[in-house]
Amino acid sequence: MTSFSHLSRLRMSAFLPHVCLQCRLKTVSSLPAQSSASSLLQAVRHASSARPRRRTPSRMTLSPNVAQSTVKYGEKRKSVRHQNGPFGGMNQRRANLRDRQRPRSQAELKRTSFKKDKDGSEKKQPELFKALKMQTALSSVSYGRRTSIKSKISNITSFDQFDLLPSVRQSVYDSALPGLEYVTPTPIQRLAIPAILRQGSATPKPEEGQEDMPRFDQYLLAAETGSGKTLAYLLPVVDAIKRTEAKDKEEEERMAKEELEKEQEQAKEKNQNLFELESPGEEEEPINAPKSVVKPKAIILVPTSELVEQIGRIVKQLAHTVKYRSALLASNYTPRKIRKTLFNPNGLDILVTTPYLVASIAEANPYIFSRVTHLVVDEADSLFDKSFSPKTNTIIDRTAPTLKQLILCSATIPRSLDNRLRERFPQIRRLVTPNLHAIPRRVQLGVVDIDKEPYRGRRHLACADAIWSIGRSGNPYDADVGYQVTGQKEPKSIIVFVNERETAAEVAEFLVTKGINAVSLTRDTSEKRQAQILAEFTTEKNPPQPEDYKMLKGNRSDDDSVPFVNVRPGNERSNRLSNTKVLVVTDLGSRGIDTVAVKTVILYDVPHSTIDFIHRLGRLGRMGRRGRGIVLVGKKDRKDVVREVREAMYRGQALI
């Protein structure tokens with residue numbers, strides 16, 4: 001009998017393959033020891049009805065959160081958003097509180113970052129700026145720090161808020177930025193000018209074992225291109241020179257007064273002792289003695305002679321209002337002009353030059369660094385690379401005994417420069433703007449695929465077609481008011497950047513054959529020719545005034561005729577682009593040149609790094625102006641890098 005019951009239990013478990021294990025065990029254990037076949041079948045029929053006990057409905061359970069209010073006192077409760085359907089919102093197990101967001105776990109966030117492909121498989125979303133991160137060369141700045149800097153400088157809206165001398169402050173309006181109705185400092189000027197004016201606050205006192213550390217203040221000015229970095233360091237330097245000059249003048253007056261009193265006392269003693277011999281006085285300097293070299297108080301170092309001319313122009317402009325002596329030294333100057341500058345009997349306050357030239361002068365005249373109190377290293381990323389760093393470091397070491405402030409300035413901070421500054425100047429104060437390593441959003445970037453029709457890989461033809469399209473196009477509403485009134489064509493200046501020096505001459509020659517006024521600028525170009533070419537792209541011509549329109553109207557033969565504005569010419573089509581000038585250049589023209597007259601830049605070759613992207617496109621959007629960039633891409637170019645640069649520009653993010 002026992003064996004029969006055991007056998008029946010085994011058969012019963014075989015009949016329940018689709019019933020859960022718990023129900024199966026309950027059914028089998030509830031069977032009697034002696035069972036017939038009919039009772040077994042009846043048990044199988046009702047086995048699926050065996051379920052665990054249902055939980056108590058919510059309407060029969062007291063809420064433990066009665067005292068917990070989800071609405072503040074005095075506020076109205078938000079209306080509940082009903083679900084679609086006749087029974088929507090019924091029997092919900094979770095409260096749908098839309099006023100607060102449910103915290104999500106890391107696993108859930110990771111799952112939501114995946115998206116499904118067409119075949120239903122999960123596909124990982126590509127990492128943002130992956131191509132730029134793979135070839136990153138710039139030192140990043142956290143966005144939290146960028147936000148804090150924005151809030152810090154938001155209260156400064158005028159140059160009058162800076163503790164500058166009245167003459168220095170007035171020179172901004174009269175000399176540096178004349179003719180502007182509203183003059184406000186840029187972000188780097190709001191950061192740098194107050195910091196540099198507080199002398200002695202940037203370098204703490206050396207601790208034990210750090211007596212060999214530099215005693216002068218150290219600053220790093222890092223800001224985007226075209227943001228006014230030159231005025232940011234030049235105004236505090238000029239202010240310090242004028243304050244020191246005033247103190248020296250007071251000291252000279254005091255010394256002269258003491259000397260006069262001393263002479264009067266000696267005269268009284270001489271009258272009392274008439275028979276004593278006079279002591280030999282100091283020997284006078286012979287007339288034919290060699291002249292001493294000038295001893296500037298501030299030196300501004302730049303990498304190229306073009307930058308010497310540009311920054312020297314600003315230094316000379318400020319000197320019209322603030323009286324000081326300045327000079328420029330570059331390799332394209334004649335030996336006679338250099339000698340005249342070095343041995344000027346009137347002295348010198350500010351010297352703008354290149355590291356190699358001033359270092360070679362110091363070998364023969366070491367006293368040129370004896371009075372330097374301010375040293376500015378502009379374009380620091382270039383002056384601290386392998387080619388310039390030995391001379392730059394030598395100049396810093398030789399000026400260190402009398403130096404008060406060292407100012408480094410750059411638009412890009414590579415990781416190599418960042419590491420070198422942390423080793424050499426660990427106490428340097430970093431003044432970084434929120435938009436560092438970012439191209440302004442007012443600059444638009446277009447991409448031309450040269451592999452498509454009608455170019456078929458001919459990069460020269462794509463460049464010429466883009467220039468012709470820009471030269472012939474133009475909305476009169478985008479032009480200056482003077483050109484709208486007189487109907488004249490607005491002159492256009494375009495810069496074409498190439499990677500190789502040989503390519504520049506080839507591209508310029510091809511563009512000339514297509515009726516485009518194009519010239520090339522490389523190291524092979526003579527210094528005089530370089531100055532003439534850059535003058536056309538760095539100086540902006542004033543637009544025609546309404547008086548010119550009146551003069552044109554008065555010269556008409558028919559006084560009753562109606563003047564038409566921007567009348568299109570006939571069907572005659574010229575083979576030359578008369579109102580457009582093109583400059584084909586290498587990276588020689590991408591560093592610091594203030595190309596205010598340029599509104600379009602064409603990247604003939606894709607730049608090698610994001611640093612070149614920033615400097616080349618940085619020729620646009622200067623001082624709040626708009627600009628347009630065009631990059632030509634082919635089969636062998638990194639299209640993913642160009643795409644991410646364009647996306648970063650649209651987002652206003654830094655090119656990491």
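From the backbone N, Cα and C atoms, a Cβ is placed for every residue, glycine too.
Per Swiss-Prot, transit peptide is recorded for 1-46, and the stated evidence type is sequence analysis. Under the heading region 'Disordered', Swiss-Prot lists 42-125, 246-270. Look at Swiss-Prot and you will find 60-71 tagged as compositional bias 'Polar residues'. Here Swiss-Prot flags 96-125 as compositional bias 'Basic and acidic residues'. For 157-190, the entry in Swiss-Prot reads motif 'Q motif'. Annotation source Swiss-Prot lists domain 'Helicase ATP-binding' at 210-431, citing sequence analysis. Swiss-Prot lists Ala223, Glu224, Thr225, Gly226, Ser227, Gly228, Lys229, Thr230 with the feature ATP binding site, giving sequence analysis as the kind of evidence. The feature motif 'DEAD box' is assigned by Swiss-Prot to 378-381. Feature annotation from Swiss-Prot assigns domain 'Helicase C-terminal' to 480-656.
Cβ neighbour count for Ala223 (ATP binding site): 24 (other Cβ atoms within 10 Å of its Cβ, all protein chains included). Summary of the ATP site environment: with the site residues Ala223, Glu224, Thr225, Gly226, Ser227, Gly228, Lys229, Thr230 set aside, the chain residues having Cβ atoms within 8 Å of the Cβ mean position are Thr186, Ile188, Ala232, Ala411, Arg622. Here the Cβ of Gly228 (ATP binding site) has 18 other Cβ atoms within 10 Å, regardless of which shown protein chain they belong to. Cβ neighbour count for Thr225 (ATP binding site): 22 (other Cβ atoms within 10 Å of its Cβ, all protein chains included). Taking all protein chains in view, 21 other C-beta atoms sit within 10 angstroms of the C-beta of Thr230 (ATP binding site). Within its own chain, Ser227 (ATP binding site) has Thr186, Pro187, Ile188, Ala411, Thr433, Asn435 as residues 6 or more apart in sequence whose C-beta sits under 8 angstroms from its own.
A sphere of 10 angstroms centred on the C-beta of Lys229 (ATP binding site) encloses 25 other C-beta atoms.
Residue counts for the motif 'DEAD box' (378-381) under DSSP, helix first, then strand, then coil, are 2 helix, 1 strand, 1 coil. Confidence across the motif 'DEAD box' (378-381), taken as the mean pLDDT and rounded to a whole number, stands at 91. Residue counts of the region 'Disordered' (246-270) by helix, strand and coil are 25 helix, 0 strand, 0 coil (DSSP-based).
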